[in-house]
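Asks: First the structure, then my questions, so here it is.
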Amino acid sequence: MSETMNTNEDKKPPLNGRRALPSNNSNEEENEVPEMEAFGLIPRGFNPRDYLRVEDIQMFKEPHEINKQQHHTDKYYSPKLIVRRGQPFQIQIDFNRPYKPETDQFWLEYLIGRYPQQNKGTYIPILIGDVLKPGEWGAKITHKENNSVRLSIMSSATCIVGKFRLYVAVWTPFGILRTHRNSATDTYILFNPWCQQDAVYLDDEKEREEYVLNDVGIVFHGNINDIKLRSWSYGQFEENILDACLFLMDKAELELSGRGNPIKICRVASAVINSKDDNGVIAGSWDNTYTYGVAPSAWTGSVDILLEYYSSKQPVRYGQCWVFAGVFNTFLRCLGIPARLITNYASAHDNNANLRLDFFLDDEGKVDTKLTKDSIWNYHCWNEAWMTRPDLPVGFGGWQVVDGTPQETSDGMYRCGPASVQAIKHGHVCFQFDAPFVYAEVNSDIVYSRREKNGTQVIEKIDTTHVGQLIVTKEVGGDGMMEITEDYKFQEGSKEERLALETAVMYGVKKQTTQDIVYQPQTDVDMDFQVQKAVIGSDFKVTITFRNKSRNYYTATTYLSGNIVFYTGVTKNEFKKHSFSAKLAPSSSSAFDVVIKSSEYLSDLLDQASFHFFVTARINETGKILAMQKATVLEIPALRIKTQGEMVAGREMSVTVEFTNPLKQTLENVTLRLEGPGVLRTMKKEFRQIPMNSTLIWEVKCIPKVPGLRKLIASLNCDALRHVYGELNVQIQKP
C-alpha cells in the first residue's frame, strides 16, 4: 500500500501560491481513486470479501435500450452511456449477495477531470434516497431482484457537460471500498433542450428535432440577387465526434466548473473554432491559393475537419465563413445546445465600427481603392445558439449570435458572441458580447463621397438599405429558406428602426455625422442596372437604364467597372472598363447594353465566380454624379448523384456521381468528395483531367448503417472550377 502512495507523491503538481489545486480544465485527464480508503489502522482479521461487493454494473447503453431512447441520444455512434442533464436514467448494480438496506450502505461517485472537488461540481457523491427531486442530483432504488439493484439516477439540470467516471463506494467499519476504474461505465452528460430547468430548454418538439437532432443542413450563399444553396453534413452523431467536441473545450482551457454554462461554452468555442491566436480548429484563407490544404469550397461537412483536428491537434487548412459556421453548428448540436446556421446577405465588414461604409470616388467617379478600406461581403454566415441569458435583463434570452469566423478581436481574441438577437434588433448594444459589431454587420449605411479639387468632401449618395437586406436560415423540417430579417431589424424606414438606431448610437455605436459635409443628391435622373444571369464560361450583358424625370436634355458620361471579387467584397482585379456618353431625352427612359465576354473574365475567375459591377454617371450639365454597385454570381453546373438497386440498411448499395465539364478548357487535378451521415464515410477520388464537354462518372459501393431519410452530398474541386455541388435524398429501408 505504502509504495503506491509514494508514486502518487512524485506526481504532485508544482506549488502555486495563488491556489491550493491547479486549474481543472481538462476532461481527458484523470486522478487515481483508491479502491480501499482506510479510516485508520486496519485490524488483522479484516477481509473486504466479507462485505457487500460489486460484481458488475449494467449501464443500459445500447441505442435501443431505455436510456438512449428516453434521452434522445440513440443516434450517437458510441458504445458508452450518453444522457442529458436534469432527466433520470437507469443503471443496475449486481452485488455478490442480496443488498440489505438495514446494514449495507453504498453510494455512487461521479468524477470529472484530474482534481475533483465537490464544491466545483467535479466530484459528485450521490446517496441513495427515497425520492428524486427534479433537476437535482439524486438516486433511488426502483427494483430489487436476487443480488441486483435497479437505480434511477437524476442529474442536476445545471451540471457540467462532459465525460464523467463512475465509481460505486461501499461503507465498511474500517474504510470505504470502491469499484476499480472501468471505462465501460463512463457516462457522457449533455445539455438537455427537453428539460425545463436547463438553460437551453426549447419548448417546440419540431424545433428540437431540427436544431439539435438534424445532422444535415443547408448553407445559403451566392448573393441577394441570386441566392444559391448547398447541403452541409454536420455529422454530430458520427464516431468520435463527441470526444472531438469535448477536446475543443480542453484546448480552449475552459475550467471544468464553467462547462455547465452555455454562455461560457459559446464564447470560448467561437475563439477555438478559428486558428488565430490559439491554434484552433480551422485556418482561414481568403486569397484563392490553397496550397498544402483543402480549398474551403471542397468540404462537404464538419466530420473530416473535426476528426483531423482531434488527431493532429493542428489547425486544418482551409476554411471560409460557411466552414467555420458549419463546424460550430456541429459542436453546438453535438453538446445539445440548439443551433442554426445563418446567412446575412450584403454583410458589412466595418473596419472602424462607425455604422457607415465609406466608398471614396475619384474625379471620374471611379472607386478609389487606396482610400476605400471597408468592404461588403456578398454574404456572411454565422450561427445562432438558443439559451437563457441570466447575465442580461429579462427579455434578451432566446437566439444568440455566435461567430467563429475571425474578423475582429473581442477582449483580445478573435471571437464573437454570444450576442442577443433581441438586443441587436432594439439597439441595446450595451449588453455583452460584441453586439455593436453584429449591429453594424446588418445595419451600416453606405456613403459614396468624392473630394473636390479644393479639398471639400462631397457626398454623392447615401444608401441606407443595401446592407443586411436579407437574413435567412433553413426552415424547420424541410430544405426551404426561412427569412428571419425581422428578428434582427425593424422595417427599413419605420419609426421603430430609427429609434433602435438612436438607442444603438446612445450606447456608443459610433455614427459619424454628415452635417459638415455637403450632400445634394441628383433627384431628376434615376439610374439602375441589371446583370443578365449566365452560366460560367458564357457571355452575358449588363443593361444600364436611365430615367430622366426633368424637362431638360442631359448627357451622362457613364463609366462601368467590372471587378472580380472574393465573396468578402474585396477586389482582386478590374477585368472590364467601359465608358460611353448617354443622351437622355426629357421625361423619358433609355437603356444601354454592355456585353461581357467569357474571354475577359475566365482567366482570373475566383472561387465563387463572383463579379462586382460599379456604374457611375456624371450628368455633364449639372455636374451631379449617380453611383450604384451590384454583386452577381455566375451559375455553376451541378453534380448529379444517382443510386442503383435497393437501399436497405446493412446491405451493399451503389452510388454514382456524374459531372459534365462546361468550360472551354480541360479541367486538371480534379478532386471529388462524397459523404452521407449514416450511409457512408467521406470518400475522395482524384481525376487527372476532364476534357471540355466530356462527362466523368464515379461509382461507389457502400453499406448504409441507419434506416430512414438520409442525404448524400458531393463536391467537385479544381483550380479552374470550385463550388460545384450535388446532393440527393435517399430513403434507406429497414432490413
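Heads up, residue numbers simply count up from 1 along the chain you see.
Each residue, glycine too, has its Cβ placed from N, Cα and C.
Any TrEMBL annotation is an automated prediction that lacks curation.
Among the features that TrEMBL reports, active site is placed at CYS321, HIS380, ASP403. Marked as Ca(2+) binding site by TrEMBL: ASN443, ASP445, GLU492, GLU497. For 313-406, the entry in TrEMBL reads domain 'Transglutaminase-like'. The feature region 'Disordered' is assigned by TrEMBL to 1-36.
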Asks: So if I measure Cβ to Cβ from ASP445 (Ca(2+) binding site) and keep only same-chain residues at least 6 apart in sequence, which ones fall under 8 Å?
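Replies: Listed in sequence order, they are LEU355, ARG356, LEU357, ILE462, ASP463, THR464, VAL467.
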Asks: Could you check which of these recorded positions, CYS321, GLU492, GLU497, sit within 10 Å of ASP403 (active site), going Cα to Cα?
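Replies: Close recorded positions: CYS321.
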Asks: About how far apart, in whole Å, are the alpha carbons (Cα) of ASN443 (Ca(2+) binding site) and HIS380 (active site)?
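Replies: The separation of the Cα atoms works out to 14 Å.
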Asks: Roughly how many angstrom lie between the C-alpha atoms of GLU492 (Ca(2+) binding site) and HIS380 (active site)?
Replies: 20
Asks: I want the residues beyond ASN443, ASP445, GLU492, GLU497 whose C-beta is within 8 angstroms of the mean position of the Ca(2+) site's C-beta atoms, in chain order.
Replies: THR464, THR465, VAL467, GLY468, LYS489, GLY493, LEU501
Asks: Cβ atoms within 10 Å, counted per site: which of ASP403, GLU492, GLU497 has the most, among these recorded positions?
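Replies: Answer by Cβ density within 10 Å: ASP403.
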Asks: Measuring Cα to Cα, how many Å separate GLU497 (Ca(2+) binding site) from HIS380 (active site)?
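Replies: Just about 22 Å between their Cα atoms.
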Asks: Tell me the Cα distance separating CYS321 (active site) from HIS380 (active site), rounded to the nearest angstrom.
Replies: 6
Asks: Averaging the per-residue pLDDT over the domain 'Transglutaminase-like' (313-406), what integer do you get?
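Replies: That region's mean pLDDT is 90.
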Asks: Residue counts in helix (H, G, I), strand (E, B) and coil for the domain 'Transglutaminase-like' (313-406), per DSSP?
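Replies: Secondary-structure composition of the domain 'Transglutaminase-like' (313-406): 15 helix, 41 strand, 38 coil.
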